[in-house]
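Student: Pasting the feature list from TrEMBL:
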- E420: active site, proton acceptor (ACT_SITE)
- T135, G174: FAD binding site (BINDING)
- 20-129: domain 'Acyl-coenzyme A oxidase N-terminal' (DOMAIN)
- 273-435: domain 'Acyl-CoA oxidase C-alpha1' (DOMAIN)
- 471-614: domain 'Acyl-CoA oxidase C-terminal' (DOMAIN)
Amino acid sequence: MPSDLELARATSSVDAESIAALLRTPNERAVRAKLLPIFAADQVFAKTSRPFKNHAQNMLYALEMSKRILELRDTHKWTHEEWKAALDLQNDSLPITLHEGAFATVIEAQGTDAQRDFWIPKCRSYQVIGCYAQTELAHGSNVQGLETIAKFDPATDEYIVSSPRRESTKWWIGGMGVLANHALVQAILELPSGRKGPHLFIVPIRNQTTHRPLPNVTVGDIGPKAYGGFCYMDNGYLHLSSVRIPRANMLQRFASVSADGSYTPAKHDKLSYGSMVALRAGIPINSGWNLARAVTIAIRYCINRRQFSPSKTEVESQVLTYASTKMRLYPLLARSYAYIFAGRSLWALYQQFLESLTKDGDISMLPEIHALSTALKVKATWDCVSGLEEARKCMGGHGFSHMSGVGSLFAAQTPSQTYEGDNYVISQQIARALVKALGFLKQMPDAPLPDSFAYLRLAVNGLRITKDDDLHMLHARTAGLVEELAKEVATNPEKGWTDHSWTAARVAAAHADVFVCSSLPETPLTKLHILSTLVAALPELLETGVVTSAQSAKELRRRQGAEVEGLSIGDVVGLTDAFEFDDWELPGVVGGKEGMVYGKMLKTVEEWDINKGEMGEEIRRMALEITGKGRRSKL
Ligand SMILES: Cc1cc2nc3c(=O)[nH]c(=O)nc-3n(C[C@H](O)[C@H](O)[C@H](O)COP(=O)(O)OP(=O)(O)OC[C@H]3O[C@@H](n4cnc5c(N)ncnc54)[C@H](O)[C@@H]3O)c2cc1C
């Protein structure tokens, strides 16, 4: 008999195929179709026994997965693109993830040609495995406050790299705990002429033959993390006591030091932001896909789940038919689409920037890319993390089981609000850029502006809404917020940006909303996302005078509700099918394509060691020590 999910799918009027073609390029789809069966068939990547491992077992398992994925790369002769896609298919970061995503990427971006030629082939062959070591025990956000020192010694043409205090120990470094043999260390450059601020140095930390720490290096793993998240990532610590490295190990594409210790600064002080931008620019799309996985699981589950019947004679209703379930899940589905599309647009802009940087050394797009990637990182991580938790709640009790898979997606996603810059800290960078741009515009109203800043003209021309246009309302709200912040800054010159950090976060989120809502192609979810964004922004729309009456506010809510009502259950199945998730790719056991939920849950628990075999016997013996005759006779 077909499941409720299959019956719903049969009624879908959504053209899942053409929507799938909007979500991924033909090449991306072909690569996935090639890779997914390989992972699904490989026992190393089986997922059911994963929740029972402790941290040390997880580390061993993470190394086993890393080794196996490299073997698969070599066996199948994957292209670089296929290799990157294979890493993306793992829902969890592995010890090798940041070797690829940060260590090698930053060497490519900030190394000279000679440095790239020397290090990148070693990175590709995994002879050199690296990590990105910026954060210290006592300092993270405050990069200027980092204490690790790289002192140049002209006599030997070397840097002496040291952690001066216990507090300057590098901490949180992904890939460092058990695997990396090199670290890209962010340290203060000290030259005979004085200190030059943080620069990047490649520091060998483990012997490449024995894998033991090198002399004067203390390195290890910082242990399990909140919610059991990042459990296959070996976040580590590193203390350096006068470790000598050659001068050639400072990345010097932009700033450099010559043999006599003289310093050539970067032409543009923002050039080193490039690699930070690259890391941030990838976060919104990944967050969108993570939310898409959770919403797909939750929607499929809530179609199969039935509770309460309208009358004694009718079958129980699917929980997805309840207003409060639909009003939570459908906007989340729209949100996941929105961040996937906006993430794609951001990535395309970033590629455009890279191209003009590499070809002509043109950095004119950098301020826009920096502001957008930061704003989107902030808003996408906040929205996707809150969405993941909401999706779990929509699934009732089973949502809290590891078998739902949503918990592990949440645990993996939640630190994204903190890493690559704490959201409240980095929001200030965007707010500052927008306030500056507005000030500039007020002096020169016809000055050119990047597209994503264009709405600021409304703050100069007056916030009057000239047309009843949803996007225009978002533009006016953001312009109004920037204007308010600019006034706050101007009237309180004694205050620093940290004093404005609360308002700055709202400005950053609003700036992201404008870009996200303007990036959406036409799908059955586009209006719903824009209206949900407007409804969430209602307090600010009222504060900035964009919405002026209770009636207009109610109308937005009414239209959002109508969009949700306009989607049939079959349609949302079609829209989740368009993600083309393979069952292996979705964590847990209840979000599968066919929708047979309870049978799978029962089969899964019956197969767990805790319920059978040696472990089951051990548990039975221990339980008897509590309930059995032996203990009672001692009473
Ligand atoms: C899972 C994970 C992986 C990581 N991987 C790496 C890695 O591979 N390499 C690496 O170098 N680092 C890594 N980090 C570290 C991470 O980048 C930092 O933790 C992050 O940048 C936040 O900095 P912090 O810890 O110093 O927070 P803090 O700055 O100490 O933040 C504490 C609180 O103070 C607030 N705050 C701080 N400054 C301000 C301000 N100016 N204005 C307003 N509020 C402020 C913050 O909002 C926050 O609420 C990782 C962290 C995590 C959680």
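Note that Cβ sites are derived from N, Cα and C of the backbone, with glycine treated the same way.
For the listed features, I'd like the structural context: burial, neighbours, distances.
Tutor: Taking a C-beta cut-off of under 8 Å and a sequence gap of six or more, E420 (active site, proton acceptor) has these contacts in its own chain: M276, L279, R280, I283, K377.
Taking the Cβ of G174 (FAD binding site) as reference, residues of its chain lying under 8 Å away and at least six apart in sequence are, in sequence order, S93, P95, T97, L98, A102, C131, Y132, F230, M233, D234, N235, G236.
Assigned with DSSP, the residues of the domain 'Acyl-coenzyme A oxidase N-terminal' (20-129) fall into helix, strand and coil as follows: 82 helix, 0 strand, 28 coil.
Averaged across the domain 'Acyl-CoA oxidase C-terminal' (471-614), the predicted model reaches a pLDDT of 95.
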Student: What does DSSP say about G174 (FAD binding site): helix, strand or coil?
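Tutor: SS state of G174 (FAD binding site) = coil.
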Student: My understanding is the cutoff is Cβ-Cβ under 8 Å with a sequence separation of 6 or more in the same chain; which residues meet that for T135 (FAD binding site)?
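Tutor: Counting only residues 6 or more apart in sequence, the Cβ neighbours of T135 (FAD binding site) under 8 Å are K170, W171, W172, I173.
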Student: Three-state secondary structure of E420 (active site, proton acceptor) from DSSP?
Tutor: coil
Student: Per DSSP, what is the helix/strand/coil residue tally across the domain 'Acyl-CoA oxidase C-terminal' (471-614)?
Tutor: 101 helix, 0 strand, 43 coil
